[in-house]
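Novice: Take this structure first; my questions come after.
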Amino acid sequence: MLQVYLVRHGETQWNAERRIQGQSDSPLTAHGERQAWQVGERARTLGITHIITSDLGRTRRTAEIIAEACGCSVIADARLRELDMGVLEKRHIDSLSEEEEGWRRQLVNGTPDGRIPQGESMQELSERMHAALASCLELPAGSRPLLVSHGIALGCLVSTILGLPAYAERRLRLRNCSISRVDYQQSPWLASGWVVETAGDVSHLDAPAMDELQR
């Protein structure tokens with residue numbers, strides 16, 4: 001049975017400023033770097049053999065820190081990027097007009113094919129995330145990969161594995177540097193294919209996530 005670990009990147013400057021990142025980028029904060037080191041300490045005990053990351057800077061830096069702890073190299077895969085947020089990227093959430101907030105809400109409230117102008121739909125995101133996950137099945141036997149990606153992207157992946165449509169209301173919280181695990185199984189008793197073992201584990205982190213403090 002293949003086990004795949006899923007990690008959201010560490011806290012970034014724009015996370016702290018409540019700016020929309022999407023496929024734009026901002027660096028990890030000092031707290032985000034510490035979170036990544038704590039993932040690395042946990043990952044060191046898991047027998048990780050491959051670290052595959054979104055090619056955006058915040059995920060690359062998170063992956064590099066984890067890789068140093070695990071003694072692995074880092075492989076970049078653009079399919080693991082965050083949802084393209086189109087014309088709203090780099091904007092402060094509190095600056096959105098009523099119309100713009102309506103576009104953003106369509107991505108989280110169950111609107112079929114909701115998208116921000118010049119952006120990506122949740123279905124398009126789901127298709128590329130599942131393709132990236134499926135490529136793990138081509139790794140050598142005994143591999144245990146760890147994928148570093150983004151909050152909306154990983155939430156969409158895990159939710160669709162559970163059978164929800166890609167555009168379903170977002171009800172899965174994956175905090176910065178949370179760890180999830182999905183397994184690929186072939187069983188006569190349980191559902192064959194991808195199953196969710198854990199989602200959003202933050203027990204390895206020693207401080208509350210930024211979004212916990214902002215609520």
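Glycine residues also receive a Cβ, built from the backbone N, Cα and C atoms like all the rest.
Since the structure is predicted, the reported quantities are computational estimates derived from the model, not experimental observations.
Below are the features listed in Swiss-Prot for this protein:
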BINDING   8-15, 21-22, ARG58, ARG60, 82-85, 104-105, 151-152  substrate binding site
ACT_SITE  HIS9  active site, tele-phosphohistidine intermediate
ACT_SITE  GLU82  active site, proton donor/acceptor
SITE      HIS150  site 'Transition state stabilizer'
Novice: In whole Å, note down how far the CA of HIS150 (site 'Transition state stabilizer') lies from the CA of TRP14 (substrate binding site).
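Specialist: One finds 13 Å between the Cα atoms of these residues.
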Novice: Are there any residues at least 6 positions away along the chain from HIS150 (site 'Transition state stabilizer') with a Cβ closer than 8 Å to its Cβ? List them or say none.
Specialist: ARG8, HIS9, GLN21, SER54, LEU56, THR59, LEU80, ARG81, GLU82, LEU83
Novice: List every residue in the same chain as MET85 (substrate binding site), at least 6 positions away in sequence, whose Cβ is under 8 Å from its Cβ.
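Specialist: In sequence order, the residues whose Cβ lies under 8 Å from that of MET85 (substrate binding site) (at least 6 apart) are ILE20, GLN21, GLY22, GLN23, SER24, ARG104, ILE116, GLY119, GLU120.
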Novice: Tell me the coarse DSSP state (helix, strand, coil) of ARG8 (substrate binding site).
Specialist: strand
Novice: Counting across all protein chains shown, how many other Cβ atoms sit within 10 Å of the Cβ of TRP14 (substrate binding site)?
Specialist: 20
